[in-house]
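Swiss-Prot has this to say about the protein:
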{"type": "CARBOHYD", "residues": "Asn21", "note": "N-linked glycosylation site"}
{"type": "CARBOHYD", "residues": "Thr23", "note": "O-linked glycosylation site"}
{"type": "CARBOHYD", "residues": "Thr24", "note": "O-linked glycosylation site"}
{"type": "CARBOHYD", "residues": "Ser28", "note": "O-linked glycosylation site"}
{"type": "CARBOHYD", "residues": "Ser31", "note": "O-linked glycosylation site"}
{"type": "CARBOHYD", "residues": "Thr32", "note": "O-linked glycosylation site"}
{"type": "CARBOHYD", "residues": "Thr33", "note": "O-linked glycosylation site"}
{"type": "CARBOHYD", "residues": "Ser39", "note": "O-linked glycosylation site"}
{"type": "CARBOHYD", "residues": "Ser46", "note": "O-linked glycosylation site"}
{"type": "CARBOHYD", "residues": "Thr48", "note": "O-linked glycosylation site"}
{"type": "CARBOHYD", "residues": "Asn81", "note": "N-linked glycosylation site"}
{"type": "CARBOHYD", "residues": "Asn97", "note": "N-linked glycosylation site"}
{"type": "LIPID", "residues": "Gly112", "note": "GPI-anchor amidated glycine"}
{"type": "REGION", "residues": "79-104", "note": "region 'Disordered'"}
{"type": "REPEAT", "residues": "75-88", "note": "repeat '1'"}
{"type": "REPEAT", "residues": "91-103", "note": "repeat '2'"}
{"type": "SIGNAL", "residues": "1-18", "note": "signal peptide"}
Amino acid sequence: MQFSTVASIAAVAAVASAAANVTTATVSQESTTLVTITSCEDHVCSETVSPALVSTATVTVDDVITQYTTWCPLTTEAPKNGTSTAAPVTSTEAPKNTTSAAPTHSVTSYTGAAAKALPAAGALLAGAAALLL
């Protein structure tokens, strides 16, 4: 009688833990904006405008939603200081290519595998207990 009580409790615990699935969802959409970068040197500051990639992450912990936004400036080639001699270049005119940015959407999700396997383990334990009775 005592062993069947333990097996019943194990089966109930396995079913209850199956309800605690963990799901993670990721949504991506590329977005750019212009940012102003201020650089200071020797008490003299200068501002430059640069395109930047905008990233936003939303994190929910214990029903508290926190949103993080970052702006990552995209690299641009700046002229290097110093002297240089350019090699002669011969070129032919190539057709102009134009590109336009389009938003990219992707969604992925993951459900915790351990939460799915635990009820099966509880059922196996309950079945083994029933065989031993």
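Cβ coordinates come from backbone N, Cα and C, glycine included.
Distance noted between the C-alpha atoms of Ser39 (O-linked glycosylation site) and Ser46 (O-linked glycosylation site) is 5 Å. Counting every protein chain shown, the number of other Cβ atoms lying within 10 Å of the Cβ of Thr32 (O-linked glycosylation site) is 13. Between the CA atoms of Thr32 (O-linked glycosylation site) and Thr48 (O-linked glycosylation site) there is a gap of 16 Å. Cβ neighbour count for Thr33 (O-linked glycosylation site) (all protein chains, 10 Å cutoff from its Cβ): 9.
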